[in-house]
Amino acid sequence: MKLTKLLSALLVIGLVLGGCKSKKDSNDIVAPIATLYNEGIILLDKKKYKKAAEEFGKIFYQHPGNEMTPQAELMQAYSLFLAAQYEEAVDILNMFINLHPANIDIAYAYYLKALSYYMLISDVNHDQSRTFLSKDSFEDVITKFPNTKYAIDSSLKIDLVNDHLAGKEMMIGRFYLKKKNPMAAINRFEEVIDNYQTTYHSVEALYRLVESYMMLGLHDEAKKYTSVLGYNYPNSKWYSYAYRLVKNYQN
């Protein structure tokens, strides 16, 4: 009787272990690289981006030394980008850049990384660390690959990023003015003038400097910035506001 129970127990253990082994074996099957790649492309065409990324990702682990593997890594990153999984895309692209610095598509990898950071930019009410990462990454593209189409688009994107960063400084500066803290406000508006002068925020920043210096009683400084406004933006509403503000004090 005891022997029968022992044999039954061993049989159950054997079945369990056998089932686990079968399950493990099915997961460890190495599929042909062409099969995985084609399946990824099919899923990509069907807009099943996350599943496509999974298929392309299998190639890296199952065929790490294959000549198609770098292309599969890029396709995985691209699929993650389309799936709006931008941080995951950046991780794959960083790995690609480190492993394949001389790859024919290295410029695209840098560009897609910058674009992924760009998509992570939050509104001006939140932390802008990713905005700076985006700007730095686009600058990398321009520096490393100046004669590519990616450099041209990166330059345009930097203009948009700068506008965003200037908007953040303006928002903080206005807040300080509202709180009657013109010295802190001046630091923010001067940041816009010094580093983001090509953005459309610069004209308002000049006016806010006039406003801030008038609040401090430094009227000569206010007049100076009014003159700068008049010279550079004579038809701007901000120049009209500054001119009236200074003139009303004189009267």
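Each Cβ is built from the backbone N, Cα and C atoms, and glycine gets one as well.
Per Swiss-Prot, signal peptide is recorded for 1-19.
What Swiss-Prot lists as S-diacylglycerol cysteine is C20, and the listing cites sequence analysis.
What Swiss-Prot records for C20 is N-palmitoyl cysteine, and it gives sequence analysis as the kind of evidence.
Swiss-Prot lists 33-66 with the feature repeat 'TPR 1'. Restricting the average to the repeat 'TPR 1' (33-66) gives a pLDDT of 93.
Taking DSSP states H, G and I as helix and E and B as strand, the repeat 'TPR 2' (70-103) has 27 helix, 0 strand, 7 coil. Annotation comment: Swiss-Prot describes 70-103 as repeat 'TPR 2'.
Look at Swiss-Prot and you will find 166-199 tagged as repeat 'TPR 3'. Residues of the same chain lying 6 or more positions beyond the ends of the repeat 'TPR 3' (166-199) and with a Cβ under 8 Å from any Cβ of it are 124-125, 128, 131, 159, 205-206, 208-209, 211-213, 215-216.
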